[in-house]
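**Student:** Copying in the features that TrEMBL gives for the protein in this structure:
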BINDING   R23, E80, K122, K456  (6S)-5-formyl-5,6,7,8-tetrahydrofolate binding site
BINDING   228-233, 247-253, 272-275  GTP binding site
BINDING   S232, T253  Mg(2+) binding site
DOMAIN    218-380  domain 'TrmE-type G'
Amino acid sequence: MIQNETIIAQVTCPGKSSVGILRVSGIYANQVAMKVLGKVPKPRFATYSKFFDKNKKVLDEGISLWFPAPFSFTGEDVLELQCHGSPFIMDLLMKRILCIKNIKIRIAQPGEFCQRAFLNGKIDLIQAEAIDDLINSETESVVRASLNSLHGSFSLYIQELTKKLIEFRTNIETSIDFSEENIDFDFNILVTSNFKQLNSEFLKIKSIVSEGSLIREAKKIAIVGPPNAGKSSLLNILSCRDRAIVTNFPGTTRDLLYEHINIHGISCEIIDTAGLRNTQDEIEKIGIQRSWQVIKNSDHILYVMDKTISLEDQKKLSMQFMKKISSYKIKEVTFILNKNDLVEDFFGIKKIGNLLFISISALTGQGIDILKQHLSNREINKSKESLFIARRRHIHQIDLSYCEFLKAQKDWLRYKNIELLAESLNIINKLLGEITGEFTSSDLLKRIFSTFCIGK
């Protein structure tokens, strides 16, 4: 797709730096090179250049890079100018280029370089979003997952699923075309086997995409348990600051406290909650209700108990809690036995039945490194299983596709209508195509690329 307008933007961060880079993309990029450099540089070579103003005076000197279409990031002619990173120099050079006569050139919109790369078939929509995720990454796991998406891992899953759906639909439509001829094959066997295979593929990708979403977003870790067990003290020591008020009075924490921390490269949102107990205090009741809501929506629960209570009471509390949350979709629960400093029985980490216990002292810090290692190991393991990063948009489209797939199964069992089945498969393909951008509205593209930074 050829754009009539040429665009320019600073691709390095604003402010003083050793180097500043301007990127020009479009059909007039070669004319910009001729005006500013006096020539078009050798393709794909770093060329030492002087940058001239309209009076042929030197504005600055640096490196120029020339990428002729279609062998560039955007698929268009691209010129990059690397000059000294003074904001004043960058501004002079930008104005110089924007004032060149007889060419259509303007400042790029946020994400417009990526958008042009997408429109010109250089990347798909998943890869474009992966670039944005990579730029905004804050942990190693997000970097690795974003790179996997950028290199096409996620796209390949969607393409393989789409390919199988197309093959299924082709077989169905072929059977429609030859339905009046003497061709003997069992429709039900064909349809049933394809439904079974596709259902397995959908469940697989739904699981992996769910994990990919967890990599992109901070893991929600809720600290819960009875009053005075040391929940707030645990929040403070994990966050390395006095975030929560700590007293000997039960019910001190009545509202939720959120703290974003990085545990061994894993982004986590730690939530301190009100102590779980029966109370007549109306304000405390509200806090406890909010605690249960957080429990329902968390990825990992740290249930804190006072280690000075009897083993029987520890077992009773842990079993009662597991029973209460049995209907919740909580991925991980770890029981924390706090106050090692009061009991000479430090065991680190151990499993009792199906329950995992970690022994700590939030006061002295004993066992905290073990807890952090446990939390990061669990998430790193998930990161290894997740081959790519996923956004909520992706999950939503896959869920819509799977719902349509289940509907197609029900409709087939009910009506045995081949035309209806073929149309349902076509709808599923279009829903999946919105993930990669094969079928995408201009409004969606505008919404996605508007969140990108200028220069990308």
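Yeah, the Cβs are placed from backbone N, Cα and C, and that goes for glycine too.
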**Student:** Measuring Cα to Cα, tell me the gap between K231 (GTP binding site) and E80 ((6S)-5-formyl-5,6,7,8-tetrahydrofolate binding site) in whole angstrom.
**Tutor:** 54
**Student:** Write out the long-range same-chain contacts of E80 ((6S)-5-formyl-5,6,7,8-tetrahydrofolate binding site), meaning residues 6 or more apart in sequence whose Cβ is under 8 Å from its Cβ.
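**Tutor:** Listed in sequence order: V11, I21, L22, R23, V24, S64, L65, F67.
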**Student:** Please work out which residue of R23, K122, K231, K456 has the most C-beta neighbours within 10 angstroms of its C-beta, and give that one of the binding-site residues.
**Tutor:** K231
**Student:** Between the binding-site residues N228, S232, A274, whose Cβ has more other Cβ atoms within 10 Å than any of the rest?
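**Tutor:** Result for the most crowded candidate: A274.
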**Student:** In whole Å, how far does the CA atom of K122 ((6S)-5-formyl-5,6,7,8-tetrahydrofolate binding site) lie from that of S232 (Mg(2+) binding site)?
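**Tutor:** Cα-Cα distance, K122 ((6S)-5-formyl-5,6,7,8-tetrahydrofolate binding site) to S232 (Mg(2+) binding site): 50 Å.
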**Student:** Can you work out the mean pLDDT of the predicted model over the domain 'TrmE-type G' (218-380)?
**Tutor:** 85
**Student:** What's the CA to CA span in angstrom from K456 ((6S)-5-formyl-5,6,7,8-tetrahydrofolate binding site) over to N228 (GTP binding site)?
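**Tutor:** One finds 50 Å between the Cα atoms of these residues.
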**Student:** Considering each pair of residues in R23, E80, K122, K456, all listed as binding (6S)-5-formyl-5,6,7,8-tetrahydrofolate, report the largest CA to CA distance in Å, no decimals.
**Tutor:** 18
